Amino acid sequence: MDILDDMGYARVWIPDVEEVWRSAELTKDYRQGDGALQLQLEDGKELEYKLDPKTNNLPHLRNPDILVGENDLTALSYLHEPAVLHNLKVRFIDSKLIYTYCGIVLVAINPYETLPIYGADIINAYSGQNMGDMDPHIFAVAEEAYKQMARDERNQSIIVSGESGAGKTVSAKYAMRYFATVSGSASEANVEEKVLASNPIMESIGNAKTTRNDNSSRFGKYIEIGFDKRYHIIGANMRTYLLEKSRVVFQADEERNYHIFYQLCASAHLPEFKALKLGKADDFHYTKQGRNPVIDGIDDAKEMSTTRNAFTLLGVNESYQMGLFRILASILHLGNVEVKDRDSDSSIIPPNNGHLSVFCELMGVTYQDMSHWLCHKKLKTATETYIKPIPKLQAINARDALAKHIYAKLFNWIVDHVNKSLHSTVKQHSFIGVLDIYGFETFEINSFEQFCINYANEKLQQQFNMHVFKLEQEEYMKEQIPWTLIDFYDNQPCINLIEAKMGILDLLDEECKMPKGSDDSWAQKLYNTHLKTCALFEKPRMSNKAFIIQHFADKVEYQCDGFLEKNKDTVNEEQIHVLKASKFRNSLHLLMETLNATTPHYVRCIKPNDYKFAFTFDPKRAVQQLRACGVLETIRISAAGFPSRWTYQEFFSRYRVLMKQKDVLTDRKMTCKNVLEKLVQDQDKYQFGKTKIFFRAGQVAYLEKLRADKLRAACIRIQKTIRCWLARKKYLRMKHAATTIQRYVRGYQARCLAKFLRRTRAAIIIQKYQRMYVQRKCYKRKQAAALVMQCILRAYMARQLYKALLREHKAIIIQKMVRGWLARQWYKRSLRAIVYLQCCIRRMRAKRELKKLKIEARSVEHFKKLNIGMENKIMQLQRRIDEQNKDNRALSERLNGLEISHAAESERLRVEVTRLRGAEEDAKNNANKVTTLLEELERLRKDLQNTQKEKKVIEEWAKTYQDEMEQMISELKEQNHLLKNEKNDLNRMIQEQGQQWTEKMQRALKEETQQLENDLNEERSRYQNLLTEHLRLEEKYDDLKEEITLAVNVPKPGHRRTDSTHSSNESECTYNSEFAESEEGSRGGEDVSKAILDMSLFLKLQKRVSELEQEKQSLQNELDRREEQFQRARARRQELESENKKLKHHLNEMRQSLRGSPEAGSAAPGSPAYTVLLDQLNSSNEELEVRKEEVLILRSQLVSQKEAMQHKATMTEPLPYIEDVQKLTDAKEISQAYMGLKDTNRSPRFTRRPTEVNELVSRLRLLESQLQAQRRSHENEVEVLRGELQSVKEENNRQQQLLAQNLQLPPEARIEASLQHEITRLTNENLVCKGSSDVEMFHSQELHSDDPKEYKAYRISMLRRMVDLMEQLEKQDKTVRKLKKQLKVFAKKINDLEGGQMDVSPGQTTDEPVHPVNIPRREKDFQGMLEYKKEDELKLVKNLILELKPRGVAVNLIPGLPAYILFMCLRHADYVNDDQKVRSLLTSVINSIKKILKKRGDDFETVSFWLSNTCRFLHCLKQYSGDDQFMKHNSPKQNDHCLSNFDLAEYRQVLSDLAIQIYQQLIKCMENILQPMIVSGMLEHETIQGVSGVKPTGLRKRTSSIADEGTYTLDSIIRQLNTFHSIMCQHGTDPELIKQVVKQQFYIIGAVTLNNLLLRKDMCSWSKGMQIRYNVSQLEEWLRDKNLMTCGAKETLEPLIQAAQLLQVKKKTDEDAEAICSMCNALSTAQIVKVLNLYTPVNAFEERVSVLFIRTIQTRLRDRKESPQLLMDTKLIYPVTFPFNPSSLALETIQIPGSLNLAFLTRV
């Protein structure tokens, strides 16, 4: 909307028949004397409104839109009926707000819909708040009553009234729920639950369905909720009024009887109700008259179960409940008793009436008596008594009267029993009463019930008027405003008409006493008495049995029929007795006295429509109720005086724009006075009070108009300037654009000319080169043709010459070959002839020589000569033979080579000869073919010519085909290009889809990770909440114990009680001996009752012990199972070793067999096959050796594991079984290693062997079956090991006994006994080892003598045994070193003791030699331990924890010093292996920290100090625990300081739980400090001055948005945050923990701010959104300064940031709705809709959010899955974690200051 739009004329309200009031706007100025107004309605219709000529009253003016929708109706400038009605309608329909203030009255409109505004979060939000600080709510009224009761020590009352169906019962119920939730109960009786449980009972017996309400209260009740001095609920009391008994016997159409009857009928099928003989509701006369026994959405059977549970909770047992149900069932059966006429004056009940029989059976009366007296009555005279029959009508009336009386008595009994169950023995200090009574009623037919109700409402209205008048008077007197008597409606005349002497009730009682009194005679008396004397009494024109009373709300016509009967409520004397209405008057008088003695608070419930439609507003019905409930009377009283009230600061802030600079003074009061005198001339329109300015009605609207005009003029000026600036900017942009366009156009033209010139020159050049190219191409074509012709010719000639030369060359070759062959043939013939000739000659010569030699050989002499030197010759010949053999072999080899080469050469020559012969034949053939070739050549020439012709044709076809192919290729290229584009598109789509899927998967992974983190945080939060609950129960237990102790035992002088605090885990199962001794000494005088009080603790500890025993048994079973697994792993290891040994043995045998094999050929030694096989066998053997080494290593690991198991089995600590089980998991790893080695041995590397080796492996596999027999021996060995384990356990027990005995000895004897015991143990072990060695030696001899293989196996076992003995020896060496250290410690203690004894008694002589003087060790020799005596433990805890001042330690000493000192003491206790001392110290520290936190838990500095020290102590336990995961950052010296004897993992868990409790206590302290600052600093304080101005307020007190003296600002919050941060930094708190604390701080700030924003309509504006965003930016700046932006604190403010943005964004179009939905992802749908509904314009230029826009938002957000909770949980504490933070500080360098008074500690 443009600011320059005209405001138009004034807007007014005119009466309307349908809408009661309609809005219209003047179209013409009104002048004095005009008889009519020219108006235009909102729908555009023109209307002439005539004024009353008598009064000439103008119509009511309408308030400015900025004032519409206010929380308080009295804040409206124009206070009148249409303004009130319109404001309620806007809030109810547009903003969905059902509560509105009207001064001191809370107007509640029934929404006929369940709203999420009554949860525990809403209760916590309203708790502790002022009534005007939050939006109107029933909880605000309840909080105001509770606060005034505590502050003023005056009883309070909440009066809830309204029509049937207006929501009175629900409002009263929520008020009681608020008291029960906020205050709680002071005892264990759960009184608040009983108070709430009374509601279902009273609703079932006192509520019924009417035409206006499904759950209408048909009685009035006043519940007094009692409180003790601490304002905790201790009990309650209920008083009832005006029970509608006639509903028991009669119901109108569409109505029901009381709910309890229908609940009984719906539950008639239950076994316990069979005896009641009930059926459906339609079967009984008393429940079927309304003809509608069912309520939609209500399950009567389920409601019956709720009612019975409520009875049980209130202490009504099953037998009493069944008695009640029998009575109720008897009433139903009584209504079905049929009465018949006997004659005109008598009646009779038919015999054997089933319903009457059931009635008598249930009531325990006789059938004859009841049937007789139902049809007869007894008349008494002075002398005689008559029994007279009665007609049927009277009998039926008597039956109904009896039913009503029984129900009334039953109702009263239930109320009395409820009061008894709610009664408390504790003295009541104060109470808050809640009155739930139906309001003013008027129907078409009004009878006695309506008369009583309206009479009670007259009394209540009178009290209300007086209270409002009184408050107005007090306000004026407080502000010292001249008091002017305000005329208000006084209904005392109407009350006198009813209750005064000779009033209506008085005449009614008198008529009831008359023997023949009737309704007609009573009506005549009323006419005669009041018709002419009282103006409030009237007689209807057409009736003589009715009268009219002018009540404060309206005229009501009452029918006289039944007044006397209902007033008397008579029952036959023989049945019961007579009750009269005087009781009602007495109870009403008592009620008014009670209300007058309390401070009242009013809740007026309005029924918006008669059809129970959700959020539907009927103006007629609403105005009727507003007139009846006194709201308009409150408005009238306020309007008569000064309804608008402003503080001076608020007025100055709002109307600063109307002041000039010179008008602003330092005194705000004088400034406001000066300005008002200028702005408002009539001084009667306002008054100046002490702190406020009072305005008459309409003046605020006038001031708002002046303010709006001033702002509008300023806006016009701003618009003018901005539009001028925008127009000039636009002109300059257009000028610059035109110049730029001209420049670019001219440049374009120049470029076009240059382009034309360049193209012309380029065309000439192209023509030149084109012509040159054509000519050159023609030349090149001709040149190429000539060259082709020359080439062909020359080639032909060259081919002819080549062919001639080739023929000549081939002929020469043929001749050469033939001549060579002929020459070789001649040579061979000649050679054969010569050789033959030589052979013949040599044969002849040889024969001659042989003959000669034979002759010589026959001679003896020759033989003798030959024998001389034969032996030598034989040797020489032998050698020559050997040499010749060698030469022969060499020659043979050479010969073989030559033969091979000769054979190859012969083969080659043979092939060559064959080829030559073929060539010769080819030459002969070719000679014959020459002529044929010539003929063929001629034929080929002809074919060539034909081919050339065909070539031309083919070339032409090829050219055509090429063109077609080129065209096709171009088309294919285009298609390929398109396909490439499609491919690229598809690739891009695939890539995009892949990216989307990747993003989707990443998002899903992120969501899954976030879900897992959330689950982890939920588990942490659940665990930490359980710790908090446990701590609360402990504190409650201690408080109850103290109270019971004080109540039972009177403390004696000098008696000191020590609190028995118990930690969450360890403190329940550990016991502090030192504290036990001190407690036993201090509690010696207590009696046996103390043991009874501790019985619950004893049972709890006993249960814990049993749980620990079960856990111990389960761990023992786990230990046995792990041991069995270990034995199985050991057996498998031995099996593997045996298998490897046998494999090696068989491989050796195979090698030997292969070497000794007589096989020849390839398998002989030195052959290639043998070498390969041997290499494979050697590699297999080497691999087996490697595997054996691995087996040995594995065995050493098994041995060490066994020792670890034995060592753990002999531990004296009963707790660390869990650590043993964790270490036993190594056995599983060993088993896995064994299987891996076995798989490796069977891998393909060993299977890729020759055939012989594979056969050997198959043989070895058969040996596995033989290993099964050896398992029995392994099982025997397992039994032996178990026996050893049992002996070790026995040895452990014996050592424990000896240790216990040694502890009782003096120090000298203790050392000697320990040494003697150790020597004895070592001697026994040596003897056992020697005996075992002898036995083994004997076995070795036997094995050696029997079998070498067994002897070899025995040697291997002996080697293993030696390894075991060596490891045991190392273990004993460690033990000896440890004992030596202990001996040194004991010696030092003895020296200290002897030195002390010598100091005490110098004259005493001893046998010990004189010890030398101790020389103090240097600093580097300190071990980082502190020694203390057992009796100094209490002193240590007292000085270091209980009496330590955190401030001095934090400022002057190193952070975490107490934690370091405690850990150094703990190290010494671990060093000396003192289990009891470790337990005692840890338990004392934990209990002392709890005690100091309980004592000073509200001091942030103390809690922060001990949180830091507890975390440091926990980190030290981890850092020096010896675990590898905690020792990564340790120095070597720190690793030496690790704990050596005890595993304190359990205590680490206890300390972690304690740290969690301290952290939660720190958060609570922080919340208590920050809570009062947040709303004032973040919302109410105007950080940016002048941005927002406050709006008009009503009668309720409002917190000013301007920072007055004493209010908190944003700077106060930041200063407090700085204080928190500096304290935690001084205490050395871990940085990660500081981040978690800061995150929690910011969450509290954001949650509290957002919750208040959601519950305060006056804060939901555009300017407030700017203020919030600025404040958040300041908090973010603080985070940056502290380097805490990564701690997650900023994210906790995201809902608040989005809410502030939501206040500032546009809220009109669908695009705005989409932007809001995407922006506000941290806000729930309910929160977004709530902010939009609450959005309120502060200035006239802002617009409200339309209902259509809100519905659009709801439609867009309907798919969100989120919690329906409106407010953020301010009690939420994020789960805390304590990341490990090791310290680099060396323990030996820590110095203990003397200020700590710890001189009794000795550095070690």
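Just so you know, glycine gets a Cβ as well, placed from its N, Cα and C.
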Original post:
Looking at 1166-1193, 1194-1221, 1362-1389, 1418-1445, which one is coiled coil according to TrEMBL?
Top reply: 1362-1389
Original post:
What range among 427-449, 588-610, 1485-1507 does TrEMBL record as region 'Actin-binding'?
Top reply: 588-610
Subject >> Chain-internal residues, separated by at least six, CB under 8 A from LYS168 (ATP binding site) >> reply: VAL160, SER161, GLY162, SER217, ASP436, ILE437, TYR438, GLY439, CYS605
Original post:
With DSSP, how much of the region 'Actin-binding' (588-610) is helix, how much strand and how much coil, in residues?
Top reply: 9 helix, 8 strand, 6 coil
**OP:** Let me know how many other Cβ atoms fall within 10 Å of the Cβ of ALA166 (ATP binding site).
**Re:** 26
Original post:
For GLY165 (ATP binding site), which residues in the same chain are close in space, meaning a Cβ under 8 Å from its Cβ, but six or more apart along the sequence?
Top reply: ASN110, THR210, ARG212, ASN213, SER216, LYS607, LYS612
**OP:** Using a 10 Å cut-off, grab the number of neighbouring Cβ atoms around the Cβ of GLY167 (ATP binding site), all chains included.
**Re:** 25
**OP:** Might you list, by sequence position, any residue in that chain lying six or more from GLU163 (ATP binding site) with a Cβ less than 8 Å away from its Cβ?
**Re:** ARG212, TYR438, GLY439, PHE440, GLU441, CYS605, LYS607, GLN625
Subject >> Entry from the binding-site residues list SER164, THR169 having the most other CB atoms no farther than 10 A >> reply: THR169
**OP:** Provide the three-state DSSP residue tally for the domain 'Myosin N-terminal SH3-like' (7-59): helix first, then strand, then coil.
**Re:** 0 helix, 24 strand, 29 coil
